[in-house]
Ligand SMILES: Nc1ncnc2c1ncn2[C@@H]1O[C@H](COP(=O)(O)OP(=O)(O)OP(=O)(O)O)[C@@H](O)[C@H]1O
Ligand SMILES: Nc1ncnc2c1ncn2[C@@H]1O[C@H](COP(=O)(O)OP(=O)(O)OP(=O)(O)O)[C@@H](O)[C@H]1O
Ligand SMILES: [Mg+2]
Ligand SMILES: [Mg+2]
């Protein structure tokens, strides 16, 4: 309880809020320079997200993978690693889910969990490769994850093309209905939006993130290794194995995100020429959320609302949707450079303190 | 010796940090050609004061005068231009650079657009010869001994034409030989007309070299005395504010069965050199074996092999007759070994963990803290509270990050953690480095208590006093081998020093790594 | 076939006249793939057609660019739920998304280019790219001096394979000696990869390259331009549109035209006129003028070669030659 | 002869591919050697690519002809510096987490440039195709020499990049500025105590990375794509970071690493040329450059150590 108060009081809440405000303000200025009306644009953005239940549902759909890739990056950060590889882990998650969804025939209560688990494990495996490279061969994880992303992209394409292709098409067959995660009544509730149970699991994953790192023996080791590998080694922890575990767990989060995209949203996998982008966005989400599970969830919501809403902004106000990247960038900028925000709010504080002192 | 107008005078310097007044209206005077010693406990505010004089911090109140005129020192640059040089507590040397590069950095002699390395090297050689500071201008800092690094620091200040030299705990990391050399250098500098401020916890050094002593406690000047008018006991009492005993009082030891046996151990060092060369020795239950030696003769590697942090390729280590050679650190600690590491920040602590987390760094997986993979933070906190009480660890709370504790208290955390594990064998490496007399007293008492409980203790230290005061038996290490064993009361500093220098040859001061092969 | 009548769409105002200028009450939406409306390819063609339609008839036209595959469905839905009269999905890859939206909204009308969605409320337009590619293959086969011809593909997928197959067959028919070297870059939007692929092919002796790779293909033109500036004569065959307009006739030998614009325009116009036909697949080949070679081909292609091309064209239209599509 | 020709062409294409990576990688070296992580290379390259494409287009419009790409280069430097400056402000002045600040640059650069392109070119997602992009230098007499001529038939930017490798080496290892820059990245407080202006030196390091990565981005628009769109730079900045780490933060090492990436890209085309795509699925050929890198890293014997103070904001009061 005391901890909760500490987290939600004072600057920890005020600074991000003001950063968001400043970010939106930056976007508004850029729009004004471009001759657009920011009020109309932001209204259109909100309208798109909250205007009807369908779009609201789709926004949730957009948020789900962002939470998970954000957790993936944040988990690695917490253990002293920089995971640029959520992108590749995500793709392997998709591929695993599609493979199981297409190739296996099982009753739904086994098929669906199996598809999710295999997707998650493949994502974890892909992360663990980078972990292994670092632990055993001293390969910087930044390089290896960048390379593994590209390898995953083409590996995924190859698997789709070689084993899963719908003849004459550029994507896989639709997975079997027993592996589909979409929930009809939920979709109907949201007027056809592709909402699925993944959001619930993503929130559970955030909680699991917290439990693993701060409540378990394993998490104690992971954090110790992340903060000071030499002391961890001294204390008898196996640094290499913990690095691999950390990357594995991070990969599982990203793999889950990929699996849900297939099982809950697309139901098929395309041969892609470019990355889905959730992995790189996950870096931003994780940083925006200051690498804490609750922060990541909130950041993913903000991120998802802004990106999904940007289409409405461009539709109704003709503002190029890329503007929203400027807004997100500015928000992260102000959160990162908190000193600026404090500089801005300092006068208000001073005034308030004076007022209090006087009374 | 001193004229009337001091070269430096601090007047009412006050410096506040959040929650603490580090310097509280401190005034002091330094006269030309004088060595002024600053004495005080850990955290008394000595480094802070000197950082202010050197322009790294700005005082909140007070004034600095030089030769009677007020000056404002707003950056190290200004300090340097006013002729102030500082040798910092933690050396300010760029590891991958050469000695010359470090010395000329910021004032590089030029030829066209290039650095004139020839001129630089020449100048460095000149200076080192002039003051008798033997250094190798072309060696990389990462490859040279701590003693040579310190000489580099001194040449660095001289290169900048400093007349006022500040030394912040210069001897904390030096071997006795190196300390002797430093004392000689300080005398020489003073003879050349320089003035020196010296911070040290070693009262012996103060009595040896200082002219005046200023004692600081909790940010305030307690007293300033002439060296000739005081003695170590008095200084120590003024500094800590209570009586301190220097002589460790202990009963004679009663060694029993051997606990640690090391036979013909070999291993490679970080640069692939032969670090241990068939070292053989043993420690018995109920005794403290002190290993004396000059830094870099295999002490670090020995500890690493004993604790499982480094692999040996020949020879073996047994604890209680169990061969534990090349076991993992975890298995070795579980077989009854505890270890106070020489670098507490690198190995001993996770600085961003809380005090209570650091206290279970090696035992978090024990059943009392860990139920089916879940940690019981209640149990961990209770454990921490108990140890804080028992070992008198001064911390605002068990949840404070350990980074915010003083060095002495950080060391207490490590000692508490290691001793609480009730080991058969305790390895203590440089356990009192940088600690004030009060903290040192505490550490030594703990080591002896362990011995008295029938544990085996292996003490590795560069401090001859410590080795001689605490150990029951002394082994001298030289180039990865034990070259001799003596009893503390049967030997002299001279004899030990000779053994540490390897047989009877006189020791070449300088780069021992370069000369190892 | 159960074809839904216009009563499903409550916009009777347009049906009587049907002529240009009466489309004011009509709204046409278009969802691009990630290429966007400046892809120098089908998205651009389709959008140009819609803009022309808007100008000609006063119809309301709008497009949405997809930032990722996940955007297809919400973007289509934006139009469908906004009661647009017809919503276009442009590109092969949008098929599954469009199918899903069409199924969920049986009252809405949709259309797709380059792929087939077999639903009563969707009309599909595809092209026999292999037929047009065959013709430029003939030109390449007859005009190569090195007997080496290059093909740069975007992704290794069925549509592009159609281009390659037709091109290969055309070359073989006209010049059995000529060798076709292919290079798939793996993307449709990386001119730099197209450029290096072209460099390798030209270095390897090819003197004509046919890129079918979207924006990646403009890299092929850039490389050809570089070489021709350095005094080495090489050719590129344009694709989808007359690319000599953008890259000049000194390097563009001819172009294989794919009339996405005409198809889009016609289907929209038909709808204004009240005769939208759902559940239909329009496959446009040589005989419908849906594919072909650029009108200005005679600038670089000699008379006799063009005559050969006409002969082959006639044979294909008559069915005498069946162009492979794989 | 045939082989020599092929080798020459391969080296040539390798250099073409490597140029942008060399430039951006050198940029990374200057920033990180001064102690500032630069994950924002990608964004700076985007800014440079944008600046080059747009400004040389307007220069063409103003009738500057063959001079236009040089205007583009200058603009790329300017834009690169602007974005690097944002990174510098945030991470040096305001002590923000440098990784975060770099990610910010990537976001801002992509958002801003595409937004501006749409604004400037009536909603078009890309800038118009340039008519006067750089062409390969034809040196009379040299270009016709069999092997050497083929290798040297390169873009001016390639020459620029190679010259800059030497200049960077010279600056970092021969000049006082280089010594100070490296000192600041290794041990800022040591540099501070000898009067080196830590923050200012870091500013210069980061801004230089703006110059170089901006040039790297410009290389791509001015030599290969001839226009700018949202994915003109898609991952090259990250590959440049990999090249910088792989090259051990050393200009010559970066040159080697960048050439390695360039070569594996060139191999990808060559393998298809010689019909290997009939045997190996094309996906595996695309994978090759990246797989190759991982394998080389696994085999690499010596580890690379980053500058000791990399990533730590300098705070004189902190110990
Ligand atoms: N950067 C800082 N931020 C906050 N407080 C500080 C800082 N530096 C020093 N202090 C405070 O100032 C006091 C004096 O510290 P200082 O380092 O000057 O002690 P010292 O006398 O040099 O100790 P030691 O003998 O252990 O070196 C400390 O107790 C600490 O609380
Ligand atoms: N970053 C910091 N913020 C606040 N207080 C600090 C900080 N670092 C150190 N201190 C305080 O400074 C005082 C002295 O610290 P210092 O590190 O000089 O201790 P020390 O005994 O000299 O240790 P050592 O010399 O072994 O590093 C301690 O009381 C500690 O609480
Ligand atoms: Mg101190
Ligand atoms: Mg100290």
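Using the three backbone atoms N, Cα and C, a Cβ is placed for every residue, glycine included.
Computed from a predicted structure; not experimentally measured.
Taking TrEMBL as the reference, the stretch among D:36-58, D:128-150 described by the feature transmembrane segment is residues D:36-58. Within the chain carrying the transmembrane segment (D:284-305), a Cβ under 8 angstroms from the stretch's Cβ atoms is held by residues 242, 245-246, 248-249, 260-261, 264-265, 267-268, 271-272, 276-277, all 6 or more beyond its ends. As a quick check, the transmembrane segment (D:36-58) and the transmembrane segment (D:203-225) clear the bar of 3 or more Cβ pairs under 8 A, pairs 6 or more apart, so the two touch. By number of Cβ pairs under 8 Å, the transmembrane segment (D:70-92) is matched best by D:203-225 from the list D:6-29, D:99-121, D:203-225, D:237-263. The transmembrane segment (D:154-172) shares the most Cβ pairs under 8 Å with D:6-29, out of the stretches D:6-29, D:99-121, D:203-225, D:237-263. Relative to the transmembrane segment (D:6-29), the listed stretch D:237-263 leads the set D:99-121, D:203-225, D:237-263 in CB pairs under 8 A. Outside the transmembrane segment (D:99-121) by six or more residues, the chain places 37-44, 46-47, 49-50, 54, 83-84, 86-87, 90-91, 127-128, 228-230, 237, 311 with a CB less than 8 A from a CB of the stretch.
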